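Copied over from TrEMBL, here are the features:
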type	residues	note
REGION	1-29	region 'Disordered'
COMPBIAS	10-20	compositional bias 'Low complexity'
TRANSMEM	34-55	transmembrane segment
TRANSMEM	86-106	transmembrane segment
TRANSMEM	118-139	transmembrane segment
TRANSMEM	145-164	transmembrane segment
TRANSMEM	176-196	transmembrane segment
TRANSMEM	222-243	transmembrane segment
TRANSMEM	264-291	transmembrane segment
TRANSMEM	303-321	transmembrane segment
TRANSMEM	333-352	transmembrane segment
Amino acid sequence: MSSAAGSYPQAQQGAVQGAGSSHRPSGRPTGTRAVALACALLGLLLVAAGASFAFGARTISPVDVLTFATGGQITEADAAVLTQRAVRTLTACLVGAALGLAGAGLQGITRNPLGDPGILGINAGASFAVVAGITFFAASSTGVFALWAFAGALGAAVAVYALASLGSGGATPIKLALMGAALTAGLGSATTALILTNQGALDNLRRWQIGTVAGASLNDTAGAILLLALGAVIVLSGARTVNTLALGDDMAAALGTKVAARRALLTAGITLLVGTSIALTGPIAFLGLMAPHAMRALAGADYRALLPLSALAGALLLVAADTAGRLLLPPQEIQVGVMMVALGVPVFIYLVRRGKALNL
């Protein structure tokens, strides 16, 4: 995907870190500040995870949660509930971190402040591919789902960029967002049509329209960890490359970066993160938009800090949103995909109205 998506944010302009460069990017947090922010996020994540264990249709006291966590004895019913919530919380942490990291990387390599897998149609492509795999090829395991989702996510990313590149001006942020919205609408309709033709599996397929961490299984989550780890290693190890790509192709090439090869590798890592996440939970939009923007405001534009901090922020956001969804309309639950849309749409509108979407 090209970086000709428009001029980069002023905060990003100082983030020069080429191959072998020793420049210290302006706006980069000191090591102490970055570590302090990471520790704060980890602390908040622990609090959110504790709340996720304690609250739901059945409330469990903090004492019992702590007893369970330390291997102590609690009632069999509470232990069963906490075991289920432990898997749910772990899944939310992993998927939230993956989507936060993917969103930050996507914003960097496309130089697009609206870079989010949901906004750019990547989620829709992955969801459609999984539903097609289930409907036509009897796909049934998380590993197979992840392969279908990866293929769909990659295909959608390429299609959106190719369509947005047509005409004058190239793939600007607004054109990418519009093409992503159009592709999302089209693939969403196709996904719904496939789901409605398979009434016997309607409940199982519904998750591919609205993301949820409810019902996550330990086997599925454990099986996805390796794929998520691979995607994370690819993206995190490319932090310096993202810094150079964020400056534009010409500048990156002048600094010695193999632009096409590095962008292709990073795109593969990002789509692996997104595809595996969707294989676990279905599509969750806007998380990849909100987490990086929040961390950029707090930590600056250096992707060596921004990428891992966005992962932590994404995990925190998803765990907190899932817990809140259980508490707003008890005993019913609001799926976390719906919660993220409710949170993300105002942020998206704010970014567009602020004018940053035209200038980043």
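Just so you know, glycine gets a Cβ as well, placed from its N, Cα and C.
Any TrEMBL annotation is an automated prediction that lacks curation.
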Taking contact to mean three or more C-beta pairs under 8 angstroms, with sequence separation of 6 or more, is the transmembrane segment (86-106) in contact with the transmembrane segment (145-164)?
no
Residues sitting near the transmembrane segment (303-321): Cβ under 8 Å, six or more positions beyond its termini, same chain?
15, 17, 28-29, 34, 37-38, 41-42, 44-45, 48-49, 51-52, 89, 92-101, 103-105, 108, 213, 232, 235-236, 239-240, 242-243, 246, 284, 287-288, 290-292, 294-296, 336, 339-340, 343
Go through the chain and flag residues at least 6 beyond the ends of the transmembrane segment (34-55) whose CB is under 8 A from any CB in it; none is fine as an answer.
61-62, 65, 68-69, 82, 85-86, 88-89, 92-93, 295, 298-299, 305, 308-309, 312-313, 315-316, 319-320, 322-323, 326-327
Counting only residues 6 or more past its boundaries, what in the same chain has a CB within less than 8 Å of a CB in the transmembrane segment (145-164)?
1-2, 110, 117, 120-130, 132-133, 139, 170-172, 175-176, 178-180, 182-183, 187, 224, 227, 267-268, 271-272, 274-276, 278-279
